[in-house]
Amino acid sequence: MQGGQRPHLLLLLLAVCLGAQSRNQEERLLADLMRNYDPHLRPAERDSDVVNVSLKLTLTNLISLNEREEALTTNVWIEMQWCDYRLRWDPKDYEGLWILRVPSTMVWRPDIVLENNVDGVFEVALYCNVLVSPDGCIYWLPPAIFRSSCSISVTYFPFDWQNCSLIFQSQTYSTSEINLQLSQEDGQAIEWIFIDPEAFTENGEWAIRHRPAKMLLDSVAPAEEAGHQKVVFYLLIQRKPLFYVINIIAPCVLISSVAILIYFLPAKAGGQKCTVATNVLLAQTVFLFLVAKKVPETSQAVPLISKYLTFLMVVTILIVVNSVVVLNVSLRSPHTHSMARGVRKLFLRLLPQLLRMHVRPLAPAAVQDARFRLQNGSSSGWPIMAREEGDLCLPRSELLFRQRQRNGLVQAVLEKLENGPEVRQSQEFCGSLKQASPAIQACVDACNLMARARRQQSHFDSGNEEWLLVGRVLDRVCFLAMLSLFICGTAGIFLMAHYNQVPDLPFPGDPRPYLPLPD
């Protein structure tokens, strides 16, 4: 068993010796390179030399976009490359060592920071090691979580898209000292934010449409002075509106539909209509408050969803007003309001035909004229004797006794009057009875009084029914008007969002797509 362990021990000792020798070579190389090395000095052999620094941004996660704070949070890797002539070596002198890992704090860095941060964190999250090659070129890939400012346009919220950017520049060096440029691959500048499909995490609220990158020169610097270069990485992102459609827009549309459906309640149920409409109005106010907590507090624009909720509130208020007006019309009576001929013709003849509503046909003109005379208390044309109603107020026993005597006559008279005789026939019939005995004349007076009271009550009920029919027709007209307004307003507002799309190209007038060429 000891003989079987010897080969393993020899291999282990050989690996330790080789590792120690390789480590010793790295230590020796690092010591040689760091001898008289000052990380605070720019790696330029002459003062007029410019150090080229290339940048590449790799996006691994678009964490969030806070609309109220107007802050974009991203998880990125910043790839920076530059050359330092003081870190060159010959691999032959160090047993073929081609890569040296050096702590980033020990070498010169171009001080690239995020200019438009919102939390005061300008630098990267981890100062990882840099990779140094024999020609002195340095490769540094630090990770970072940045919170950058992003101006939010709330005009089409939640069907909006935003143009956010990450602006990088050197904190201490100008264009006469370093030259910022985009990294190149196969001779082509990487003018876009690189996304590794295997490492990238999709955001649930935002979809990336364009991700170009551009070099900009600080325009605020005087002409005689050197300005600062900026590398700007743009993110054109479009919101996924499904969350807001399901949780805000769809409930609002359904609740507002309930407000429209109150027109199917009877015209006299104005109190119930106002109660339902008021509850809908309160629910819409709650949704408007929820939207106000989401968007930035700005007066530059009104969000599309706020416009829609305000529109729904206006429609609901109009429904309440309509309900009050219809209730006022439905409760009118002939004693308080006289219906004009134009109102009767419009609401009881023309509009019901147009709306295909079933309305009871109007009474003949002669009966209408008789109702008019009854309403005004006129007895001309009716053979009623000049007897006060108080003369008929006899004791109950006497009335019952007389009633039994003239039961047949009264019944015949009532049948004549209830069967709706012609006015002329009624006059002839009652005129023939005037020559009868005083008892019959008293019976005629009583019958005429009862008939007049019944006709007046019938006319009163008919007048109430007419006003109720006017209320029904007006209610139907308001229903069609509010339904049309609701449908047209909803379609018009959301069609505005349909035409708010991300442009096909990231920069207007620039035909380049700022994307890698297809293979």
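Quick reminder: no glycine exception, Cβ is built from N, Cα and C everywhere.
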Annotated N-linked glycosylation site residue, as Swiss-Prot has it, among Asn52, Asn328: Asn52
Among Cys137, Cys164, cysteine joined to Cys150 by disulfide in Swiss-Prot: Cys164
Assigned element (helix, strand, coil) containing Asn52 (N-linked glycosylation site), judged by DSSP: strand
Candidates Asn52, Asn163: member of the glycosylation sites with the richest Cβ shell (10 Å): Asn163
Folded-back contacts onto the transmembrane segment (241-265), same chain, C-beta under 8 angstroms, at least six residues removed: 158-159, 205, 272-273, 276-277, 280, 283-284, 287, 290-291, 305, 308-309, 312, 315-316, 319, 323, 475-476, 478-479, 482-483, 486, 490
Distance, Asn52 (N-linked glycosylation site) to Cys164 (disulfide bond) (CA atoms, angstrom): 27
Between Asn52 (N-linked glycosylation site) and Cys150 (disulfide bond): CA-CA distance (Å): 29
